[in-house]
Amino acid sequence: MNFAAMMVVAIGIDLALGWPDALYKRIGHPVTWIGALIARLEKGWNFKGRLRRLRGVLVALAVIGTTVVIALAVQLWLPAGWPGVLIGGILAWPFVALRSMHDHVAAVAKPLIAGDLPGARQAVSMIVGRDPSQLDQPGVARAALESLAENSSDGIVAPLFWGCVAGLPGIAGYKAINTLDSMIGHRTDRYEEFGWASARIDDLVNLIPARLTGLFFALASPCRARALAVMARDARSHRSPNAGWPEAAMAGALAVRLSGPRIYADRVANEPWLNGTAPDPRPADLARGLALYRRAMAGMTLVIGLVAVLWSVS
């Protein structure tokens, strides 16, 4: 089956519809179903003891395995040819977040550009974990741009990459891994041991997509050479083995500095700067970042479309 064509169908539906509120109210969302399973297993299995890390490994394998097996069973049921591609694309659609990512960041950009800092702080609190009350205008713009860059990889490029590789088991399995990481893959007393496997698996499956995302941002920039240079120089200085690639490319493309020190509700994180000699982002840079995002994601869609065409004629 042409998995790349399946992903093109999913992209098209997501761009047209997003995930409608009426549908969410009626059935929720597949990621929330996965999250509910994780929460139930975490509640029963995450307690202190010598085998805490092993229990976390078993929970990660159970969640990923359950998701992949269900998705594989559905995929094997699909009819052959283009009807199967169309149905598969519809089923893959919930795992694509092109439209919602843009809308969430645009909801920050609108009040920020209008000078409504409280409104921008409220909007950015929906997409980042840091304390919004501590953010000035450049801080809000920086937080939103970093979220846009990192989540372009985690929420869009990576699931589509694995969807192209393996179809429904690939895209659904990736979202299970990413949801595990977001829920239990934290370096806290509660999760450092229990979430160890989830965090390591997430690092592994994002190695290629994160670098592809950085490349898409760099190639979509009018200043390609600068974006590529900043990405190559600074990406590895990020605390994450993957997030630094799209964030550094974004910083170089927009000629601003990203990452750096930030305040969370429970701690201060003194992170190194990406493109540290550049100025802080301004409100207008957030609009430029959204434009870069649109061009980069259009380029990604074109690449997937070309793969689909080559797949169909091979």
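Along the chain as shown, residues are numbered 1 onward.
Cβ atoms are placed via backbone N, Cα and C, with glycine included.
Per Swiss-Prot, the range carrying the annotation transmembrane segment out of 154-174, 217-237 is 154-174. Sequence-distant contacts of the transmembrane segment (3-23) (same chain, six or more residues past either end, CB-CB distance under 8 Å): 29, 82, 85-86, 88-90, 92-100, 103, 160, 163-168, 170-171, 301, 304-305, 307-308, 311-312.
Residues 2, 4-5, 7-8, 11, 98, 101-102, 105-106, 109, 148, 152, 156-157, 160, 164, 212-213, 216-217, 219-221, 250, 253-254 of the same chain lie 6+ residues outside the transmembrane segment (290-310) yet bring a C-beta within less than 8 angstroms of a C-beta in it.
Note on the transmembrane segment (57-77): residues 1, 34, 37-38, 41-42, 45-46, 88, 91, 167-169, 171-173, 175-177, 179-180, 184, 194, 196-198, 201 of its chain, located 6 or more positions outside it, place their CB under 8 angstroms from a CB of the stretch. Counting only same-chain residues 6+ beyond the ends of the transmembrane segment (154-174), those with a CB under 8 A from a CB of the stretch are 1, 3-4, 6-7, 10-11, 30, 64, 67-68, 70-72, 74-75, 88, 91-92, 95-98, 101, 205-206, 208-210, 212-213, 216, 297, 300, 304, 307.
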